[in-house]
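Here is the structure we will look at, set down as C-alpha cells.
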C-alpha cells in the first residue's frame, strides 16, 4: 500500500488571496509597514512558535488540511472495530468470547494500523513486527511534521532536538509479551512507552531530551507543555511533541464499559443532550515547536504562537476519575497568566468534552467561569467552544494534541467549523447565560482590532486527575516575511533545479508521480522557484537521487511524468550517492576548441554573475587585443585564434562564476592548456586581472604563428604516437589526452603528411580547429617576448584550494604561476592523462568540464575507466546550441545526485519555500505479530496444557460403562513445557501418557501399559481417551484424515485397569540405599548422557541435585521444577519424566537411545508431590532392559511405584562420546609453507622503546645491503606511513621484570600501532609484525592479540614471530610466510600452528602426572569459584572424592546465618549449590578475594592461615571476564580490565603456590581455544589466555605439572550461556562445537594422565561439507569432511562458477549475495539496496553469523567474522568476493 503524507497540504488563509495559495502566508496580516516593525519589536522571548504539524486519524485523515476539510463537512469517522484485532483474545480462553460479545466493539479506528514503511527507516521486518504500531505511527507522523515545518530531518542529526510524546496504551505489549513462547529480543524497547519518543530520537540521531508522558487522556497536551517549558528554559532548541493511541486489545475498553464511560454506539456527542459516553479513537498528532524569534530568523512558517500552558491535578475528588471544576478553572487561569493575555481576548475554546453526562457540564461550567460570563465579556461577543472528538473520537493519549491542531487550524482560517453529532444542546448546561457558543454552522470569527490577534484555548484532562491547558495566538507578523515570498510569474521564470530523492530505488515512480499530480492540482498557483527551494533546502536528500531541470511548470510536469514511467529525459538526471563523492568536485578548464558563435549570449542576459565577469574583462580585452568582448558575444565569436583565446578565457571565468553561484566552489581545480589561466584564478593563484593579461598578451604573440600550424587528434596513445613521428621533423605530441588518444601538433605540412599516412593505416585522425602549433618547440621563439610582456605584471600567490598542473611532470607541484610557468605552459606538452590519474589516486571521482562545449570530458572518462573500477562522473557545463543555464544546472544536478555537496541544498532563510510541496510518500506493508492460539470452539473442547495430561472434554457414553475424553493436540497446547523431539518430530513424553491414565482412572492403578506408537504433536491431531472398567486406550488421528472415518484412527497406547492403588512398599530408607551406592555421578549425568545419545531437549524442567549409583542401581535427588516455570499445575508428571529418563541411563555402559515401551504396573498414592523427591531405579531380573522405579519424598514416603518398565533401543544415530576421541588436542608446529614470490618491503620501521634500541641496531645491520631502508620510532603516531610504497612496521616489545606491566604495556602498544595504521589511507601497503621471544613471559600475551589481529585485519597483519634466537632478524619469515597469525622460529625454520590429537600416555609410563585423583585429606582452590564454571568444577571434584574446597571470588555471599532466607536468583543458586555439596559431606569455603588485586597474595595467604585447612593439593584458575571490543574500539582501561583477572590473578597464584610446592598435585589454568581460532572482538580475552598457556609451559620447565586447558564453550554455562545463539553460531562458523560438562571433565582427566602435556585443546571439529572451505588453517589436520553425496550438485555449480570472470562473475556474485541478504533479513530480493550498509538494513550480530555461513556455503570460500564490518554493503561484498574468486 502506498500513501502520501501531504500531497494536498495547502493551508489557505481566511483572508489570503488566491495568488498566495500554497505558500506560508499567515491568516492574519497587516498592510501597515509600521505595524510590522512593532511586531518585531514586541518581546517574544517567552513565545514559542508552532512551525509544523501533522496527524493521522480515523476517517482517512492523514494531514492537517485533510482534517480541516473533514471538520468543515462535520465528518464522523466512527464505525465497527476490525474484528481481527480481538481474535487472539477470543482464542485465549473459551469464556472470552461471551465477554467480548458484550464489550463495545465500535469507535474510531484507523484502517491501516498494521501498515508501516519499515524499509524507509531501515528497520528489518523482524524488528518491525515486534514494534508497537504506536511507535510506527508516531515515527511516520513525526517525519511528516518535520517536512511540514520545512526541516530536513538530516539537518537535526546530533542536534539538541527533544521529543516529548504522550502515550497511555500498552495493548500491543500485552498482546505480544503474554505470548511467552514467541517473545522476541526487539520487544523490550519495541513495546515500551519510552520506545515511542526514543525510536524517533534514535533514528533521527537527536541528542535532546526524549521522554514518554503518561497522564492518561491529557498526555499529549502535557507533552506539549513540557516541550514548551524546555524550549523556554534553553534546555532544547527544537521540540517534537505530540501523542499517539492505538486500540489493539479489549482490556481497557472492557474497563471503561464497566465504568459506564463509553457510549453504546461508540460515538462522541460533545455538548449534545443525548451524550452518554465517548467513543474511543486512535491515531497520532505531532507539532514542531521552536522559539518564535529563532523561527523568524530561520525563515520558518509560523502556524501559531504557543503563548502559555499549564498542568495541574484535580486533587481529591469524589473518585479518582471524577472531574473537578475548580481544578479546571484554576489551570485555565494559570495558562492565561503564563500567556499574559486576558480571558476575554480568547475567541475559541477547544474543549476536552468527552461526551459524558457528568464531564461535559462540569467542564463547560468551569470554562464559562473563565472565558464566558465570568470573563466580563459582552453578550454580543461570545466565546465559541467546540471539540474534535465527535469527528475523530477520543484519542486519549493523543487527544490533547489533536485539539491543539484543530485550534491552530481555526486561527489559521479564522473560522470555527460546525460541531459534529450535535442535534440538541445539552440541557444541563446554561448556554444562554454562560456566553459560550458551540458552532452549529460554519462561523467566521470577528477580527477585532489589529492589536488583538485571534486567540484560542485548549483544554485536556486525564481520568487520573491531570488537567492541562494551553493558549495559542494567530501570528500577525508572518505577513512581513510573506513579502519576500512574492510569486514569480511562471512565464518569466528562470530555469529551476528540482531535486528529488528516495531511500530505495523503487520509490521514485510514486514520488515523481505525486509531485507531478500536485503541480497539476496547483494550476500555476505556486512558482517553480518556490518548489525548487523547498525540495532542495527543506527536504531530506536520500541515497537515490534525481534532478530535473525545468524552465516552466508544464516542462517540470512532463519530465516528472517521464521519470515516473522510467522514460529517459534530456533534462532528468538519476544516480545514487556513495563514498566516492566524499572528496568533492574537480573543475577542469579545457583549452582551445570549445568555441561556437553564440556561446555566451544567453548567459550575458540571464545571469548577473556572468555579466559581471564580462564587464570586468571588457576593458582589459579592449585595451590588450583591440576588440569588444560584449560586442563579440552578440555578434558571434570570430574564427581568429587570438580572439578565440580571449573569449575562451572569458567563457571559462563566466561559466565558473555561474557554476559557483549555483553549485558552490570546487574542491580542486585543474586547467588544460589555455584552461590553466582560469584554473589559476579560481584557485587563488592569480587574480582575474593578472590571468587576463597572461591570456591577452600571449594571444597577441600568437598572431605571429597564425596560419603556420595545425593540430590533430589521433587515436593512438602518446607513446605510440611519439614512436611513429620520431622520423617526422616539424611534429610532436602536444597533448596526452587519454590512454588511447593524443593530440599531435606541428607545421601544416608535417601534420598533412602524418594524417594521410595514418588514415591509410586505419588510424583515426581528426583535425583540431586551430592554425597555431600549440605546445610544440616551434613556439620557443615566443618565450622571450612573453617573459618580457609579463615582467612585473604577475604576483602569484599560494592557492587557497587544491590546484593541479597539466604542464609539470608532478601535477601536485606547488610551483608558483609566475611568468616562467606560463612560458612552460605555452611550449610543453599538456599532460592531461597523468594529471587526471593523479587526481583519481588522490580520491577524486567527480569531474566537471568548465567550458562552452565539452572537448575533454571523453578523455577524462577514458583515463578514469583505465585507472579504477569505482563509480565516477565526468560532466560538461555547457553543450553547443543547448540552453546554457539549463545545462549548467544539469551539471549541478549530476554532482548532487552523485553525492557531492552543492549550494542549492544549503539552508537560506531568505529564500521562499512552501510547506504544501508534497513530502514523503509511504510504501506501506503489513507488520503485525501473529499471536499463537486456537479458536474459541477448539479451546472449549481441549485439554488443559498445564495439567500435563491429554484429558479433554469428558463424555459418559449412554447405555455403556464407557467414558470418552476428546481433545485436539497441536504445538500451541502441547501438555508439557519443554521440548521432546525424536528424530526431528516433537512427541508427547511417556510420563504425560502415564499421567493421563492415572488421572482418568484415579484412584485406581494402571497395569499392562503398552506404549505402541508415539503421539506426535504436530501437525494437529484429534485425541480420544476411552476407558471402561477393564481397559483404557489412547487413539489419535490427523485432523485432515477424514477420508475413512474409522481406519484413520491410530492406537497409540493401551493399558488395563488395576484393582487397587497400593504400592508394594510404603517407605524407602534413603540413607541406607545411598550407603550401598559407591559411585558418585555428576548432577548433569543423566542430561549429558541423554544428549550424547541423541536427546537434544527435555520435556520437563527437572534437575538432579545429587546422583549416586552402582552397576544395578541409581538414586537421584530431583528438583521437579527448580526454576518455578509456568505450565505445570502439579509436579508429578515432571517427576515421572525424570524417573523414565534416569531409569533409561541404568545401561549407560552400553550407550544407545532407549525409550519405555511397556510398564507392568503404575500406582500413585494420591498425595501432593513435593518440590524435591528421590528417585530409586533398580535393574529388574529380566532378559530385556527393564527397571523398577520408586519415587519417594525426602523423608522416604513412597509417592509412586513403577514396576517392570521395559526399554527398547531406538534406531537412529548414536552420539555417545564417552571416549575422548576427537575431543582432546595439542598444538603442534610443523614447518610453514613458503610462498614462491616474496613480499617486497621498501622500508622497515621499528617501533620500540629505548631499552631495545641496541637490538634494533643489530637488526639494521642484518638488513643492510638488501635495498631496504629502516627507521626507529618510539611512538606509533610518528610512523612514516605515507612516505613509502611498501612498508613493514615491526613492533619490538620492551623487556622489564614486572610481568603484568610488561604484558599490558606491550598489548597496548601493539593495539595503538594497529589503530594508527588502520586510520591511514595507505594501510593496504603496510604490514604490521610483532617480534617476541618465549623467554620473556610478559610478551606471551601478544600471541593471542596477534591471532585476533589476523582475524579482524588480515589486510595489515603480518604475523607475530616468536624467535628462538633474539639476535637474528626474521626477514625470511616476514617475506615468505603468508597468511599466518603466529610464526614460531624453531631450529631456524619458520613454523605455524596446527591442532593434532593428543597422544595418550604409554601404559606403563612413570613420567609426568598420574591420572587425576582427589583426596578427602587435601584442600582444593578454585578462582572464579562462584561462577557457573567454578560451581560446576567444585561439584565434579566432590563426586571424585574432594571434601575441602575454597571458592575464591570477587563477590561475597551473605552471612551463613541468613542463608535460609530468600535471595536474588543468582545468589540463591550459589547458596543452594554449596549446601547441596555440603550435604554430600564436603566442606565448602567461599572466600571473597579479588585475585587480580595487588593485595591478592597477602589476602590469600592470610585466608589460608585463618582457615587452618590441610595443604592445598590442587589449584584451578577459572577467573575471568569478557568484554568484546573490535581493535578500532579498544581502550587501554577496558583491555587491562580483562587482562587483570587472567594475568595478575595467575601470577598471584604462581607466587602463593610456586612450582616447588611439595603438596601441589595439579595447577590448572582455564584458557580458551577462541584465541587459536581468532574469535573477533576478543583481543583482550585472547591475550590473557595466551599468557596462561605460556605460564603453564614456564612452570613445566621448572619441574611443575601445570596444565593450561584451552576450552571450547561449555554447553549452557560460562560466558556464552546468555549469548542468544550468537556464540553457537560463531562456533559453527569457526568449524567447531561446544562440549558438555561431562565431556569437559573427561577431557581434563585424559590430559592430566598424558605424559608431558603442558596444555590441552578441548573442542570438537564439526564435519565440513564436501565443498566447504576450511574455516581455519589450525584445523587442517583434525577437521573431518563429509563425503560428497551421489548426485550432489554443488560441485557442478562450483565448476560452472570457476569458469566465470569479469562482468559475468560479478553478476553471479551479486545474485548470490543479494539472495543471502534477502534470506537473512526476510525481505524481498528487489528491496536489497546494494549501497546501504547491512546494519542499516537491520542485520544484527546473530544475523551476521548466519549470513556469513550462508555466503560461505554458497560461494565455497572462507568468510571471516569481520567481513561485514569491513565490507558493509552488498556492493563492497561483491567487489571483495570477485577478487577472492578470481584469485
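Backbone N, Cα and C atoms are what each Cβ position is placed from, and that goes for glycine too.
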Among 1-40, 41-80, indicate the range for which Swiss-Prot gives the feature region 'Disordered'. 1-40
Listed active-site residues 352, 980, 1130, filtered to Cα within 10 Å of residue 394 (active site, for beta-ketoacyl synthase activity): 352
Which site among 394, 980 has the most other CB atoms no more than 10 Å from its CB, taking these as active-site residues? 394
Rounded distance in angstrom between the Cα atoms of residue 217 (active site, for beta-ketoacyl synthase activity) and residue 1130 (active site, proton donor): 44
Return only the integer: C-alpha distance in Å from residue 673 (active site, for acyl/malonyl transferase activity) to residue 352 (active site, for beta-ketoacyl synthase activity). 76
Counting across all protein chains present, how many other Cβ atoms fall within 10 Å of the Cβ of residue 673 (active site, for acyl/malonyl transferase activity)? 25
With DSSP as the yardstick, break the domain 'Carrier' (1707-1781) down into helix, strand and coil residue counts. 53 helix, 0 strand, 22 coil
In whole Å, how far is residue 1130 (active site, proton donor) from residue 980 (active site, proton acceptor) when you measure between their Cα atoms? 19
Rounded inter-Cα distance in Å - residue 1130 (active site, proton donor), residue 352 (active site, for beta-ketoacyl synthase activity): 52
In DSSP terms, the region 'N-terminal hotdog fold' (948-1064) comprises 15 helix, 46 strand, 56 coil
Near the Cβ of residue 1130 (active site, proton donor), how many other Cβ atoms are there if near means within 10 Å? 17
Around the Cβ of residue 217 (active site, for beta-ketoacyl synthase activity), how many other Cβ atoms lie within 10 Å? Please give the count over every shown protein chain. 27
Mapped DSSP class for residue 217 (active site, for beta-ketoacyl synthase activity), helix or strand or coil: strand
